[in-house]
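Sequence annotations record features per position, and here Swiss-Prot assigns Fe cation binding site to His189, Glu292.
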Amino acid sequence: MTDHALLLVNLGSPASTSVADVRSYLNQFLMDPYVIDLPWPVRRLLVSLILIKRPEQSAHAYASIWWEEGSPLVVLSRRLQKVMSEQWKQGPVELAMRYGEPSIESVLLKLVAQGQRKITLAPLYPQFADSTVTTVVEEARRVVREHKLDVQFSVLQPFYDQPEYIEALEASTRPHLQQPFDHLLLSFHGLPERHLNKLNPGHSLDGAGDCCAESSPQVLANCYRGQCFRTARAFAQQMGLADGQWSVSFQSRLGRAKWIEPYTEARLDELGKQGVKKLLVMCPAFVADCIETLEEIGDRGREQFREAGGEELVLIPCLNDDPQWAKALNALCERAPLAL
C-alpha cells in the first residue's frame with residue numbers, strides 16, 4: 001500500500017547563522033503560546049525584550065556548531081527521513097519543522113496535493129509536553145481547519161518508556177558505556193514548573209528524585225518530569241547500571257521563572273567538585289543532535305565541568321539516523337492511534 005503518508009516533525013532551526021535569521025526564528029518560537037504561556041500582550045513585550053540581545057548571542061552559538069550542509073538538526077532529521085523512507089512501506093515519508101522551514105502547513109498541503117488522505121503525524125519527542133507535542137498537533141489542526149482538508153490523521157504517542165525506544169538508546173550508547181567512566185548524566189530539556197502545574201494542579205515537583213514514583217497513570221501522562229525519570233530508569237535498568245552510576249538533570253533554562261530541577265548547570269558543578277573525572281552525558285529528550293546538545297553540553301557544559309575539577313566530558317550522540325532507531329520509530333508509528 002502507498003496511500004498512508006508519514007510526517008516526521010521536529011522543532012526546527014534558523015535558516016542560517018545570520019542574526020536576522022536567528023531573530024526571525026526565535027520570534028516565531030517564543031511567540032508560540034505553548035512555549036511562553038502568558039497573555040499575548042505580556043508575551044509580546046517579553047519576547048521583544050529577549051530579542052534585543054538574544055539573537056546575536058544565539059547566532060554566535062549556532063555558528064560554532066553549524067555544518068557545511070546546514071543546521072545539524074535539519075541535516076540529521078533529513079537523514080532520518082531518508083532511512084525511514086526505507087522502513088515505512090505504506091506511503092511517502094516527509095519532514096516538517098514546527099518553527100522555520102519546511103513548515104507543517106507547506107508539507108501537509110504538499111501531501112494532500114499528491115492525493116494523500118491518511119497521514120501519521122509523528123512529533124519526534126519521546127516525552128509529552130504542551131510546548132512540544134501539543135503545539136505540533138494544534139498546528140496540524142489549524143492547517144486542516146483553515147484549508148478544509150479532507151484527511152485522516154493518526155498521531156504518534158509519547159514513547160518515553162516504550163521498549164523499542166529504550167532498546168534503540170541502549171544500542172546507540174552501549175559502545176560509550178563499555179569504556180571506563182565515573183558517572184552518566186542524563187540531561188533532559190527543562191520546562192518552567194508552571195507548564196506542569198497547569199496540567200497537574202497540586203502535583204509536587206520538589207526534590208531531586210522522581211516526582212511520579214507513586215503517581216497515578218493519569219498524573220504521569222501529563223507530567224513531563226516524571227516521564228523523563230521513567231526514561232532514565234528504564235534505560236539504566238536496560239544497561240544494568242547501579243543507582244549511584246547515573247543521575248538526571250534538566251538543561252536550557254530561560255528567564256527567571258522556576259524551572260524543573262535539578263538543573264544541569266548545577267549538576268555539572270557538583271559532579272566536578274565531587275571528584276568525577278570522566279563524565280558521560282546523554283540527552284534523551286532530543287532524538288537528533290542540535291544546539292542544545294552540541295553547543296550547550298558539548299562546548300559550554302564541557303568547559304564548565306572542567307572548571308569544576310572534572311577532566312573529560314563525553315557527549316554521547318543522540319539517536320539521529322541510527323538504523324535501529326528508525327526501525328523502532330517505524331514500529332511506534334505503525335501503532336499510532338487515530339486522532340484529530
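Glycine residues also receive a Cβ, built from the backbone N, Cα and C atoms like all the rest.
Using a 10 Å Cβ-Cβ cutoff, His189 (Fe cation binding site) registers 27 neighbours. Under DSSP, His189 (Fe cation binding site) is assigned to a strand (E or B) in the three-state scheme. Glu292 (Fe cation binding site) is surrounded by 20 other CB atoms, counting those within 10 A of its CB over all protein chains shown.
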